[in-house]
Amino acid sequence: MPDVHVGKGIAIGTVFASSKYICPNAVGVDIGCGVCAIPIGGLYREDLSPDKLAQIQRRLKQLIPTGFSEHKSPLPRSAAVLEEICHDHEPSPWILSMLRGRDCKAAKQLGTLGGGNHFLEVVHDETGQVWAMLHSGSRNIGNETARRYDRLAQQWMAERSVTPPAGGLNYIPVDSEAGRRYLADMEWCQRYALENRRAMMGLVLEAVAGAAPAAAPEERRLINVHHNYCECRRCRYTDPRTGRTEERDLWVTRKGATSAAEGQLGIIPGSMGVGSYVTLGRGNPNSWSSCSHGAGRRMSRTRAANTIQQDEFEAAMKGIVCDTDPRVIDEAPQAYKDLDAVMRLQQSLVDIKHRLTPLINVKGFGKVPKRSRRSG
């Protein structure tokens, strides 16, 4: 994808299809990570004064734990939501073991942001319509699940004396017991990630309503896209060996890439100071009906922390209610590619419906990159 950049094990912005194998480490440790956005009816840019924007941002930080934080006690609906997920996606003994106990981390992390490139935003489109938007994933339970199945994939390969591929991309057959269990648990974590975003979206809308009581979210227009997952899709492609057009069911893995099936609504965010696009998929078979999941990094986190100056970071965020804390300088706009250039490179993959411009941004503080001594 045009936002591709170096990642651990596999490049971020990778899409591939297989008829036989799945690779847990290609999906990665944040299973089901994605973005959702919703327009807020009756609320426009001119309705939000600087004081109201600051009030909303303060309330967001009070309501939604970020970074390594979690809720001190689960949100009121967390237990019911976990039951719903288990009803719709039968949990394996592994998942059930993660849900037991009074101090269940999965319950406390429902409605939490995390760190890194995850964000909460209030934005507006080209008409002035205000939207709520956020980016997060499956938190600790997705991380632990991914690591578990990568170990099982290593074990499967070792038992058959298969040499592990570069980058730790261990794989397992789709029709093996471990493969079937991984797919089931991946889908469970994917649903958990969606419910995590839904829980946070409710809190974002609560924060907005505190400053703009007349605002009414248009729930039927909620857009949700995952960008770390694997799914079985009917694919049409040209076989490079024969030159013939083939059509068959394949397992499509997306790592930092979004489904862009024909007519499918999507969201492609840029950096924290640039904004995002709402898109409509074109179903291009040459990309396995996929598009980029964002702008993509042009600097590693360490390089960004050692290169970008604090005054440059603050200047890039001028006019947006946000925190320009040095601990998130690795997320500064300068660390990312030009979103408009990325969009021009995927005109055959998606059409643009809306341009979203940020008003408020909230980031979580994750692992802080090391700065060199001379950059202070």
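Just so you know, glycine gets a Cβ as well, placed from its N, Cα and C.
TrEMBL annotations:
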type: BINDING; residues: Asp30, His118; note: Mn(2+) 1 binding site
type: BINDING; residues: 117-121, 227-228, 269-272, Ser276, 293-296, Lys363; note: GMP binding site
type: BINDING; residues: His135, His227; note: Mn(2+) 2 binding site
type: ACT_SITE; residues: His293; note: active site, GMP-histidine intermediate
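Shown on the structure are the features that TrEMBL records.
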| residue | record | DSSP (3 states) |
| --- | --- | --- |
| Asp30 | Mn(2+) 1 binding site | coil |
| Asn117 | GMP binding site | coil |
| His135 | Mn(2+) 2 binding site | strand |
| His227 | Mn(2+) 2 binding site | coil |
| Ser271 | GMP binding site | coil |
| His293 | GMP binding site | coil |
Least buried by Cβ count (within 10 Å) of the binding-site residues His118, His293: His118
Top Cα neighbour of Asn228 (GMP binding site) in the set of binding-site residues Asp30, His118, His135: Asp30
Cβ-Cβ distance under 8 Å to Asp30 (Mn(2+) 1 binding site), same chain, at least six residues away: Gly137, Ser138, Gly142, Asn143, Ala146, Ala193, Asn228
Neighbours of His227 (Mn(2+) 2 binding site) among the binding-site residues His118, Ser271, His293 (Cα to Cα, within 10 Å): His293
Pairwise CA distance, Asn117 (GMP binding site) versus His135 (Mn(2+) 2 binding site), rounded so that it is a whole Å: 8
His135 (Mn(2+) 2 binding site) and His293 (GMP binding site), Cα-Cα, nearest whole angstrom: 11
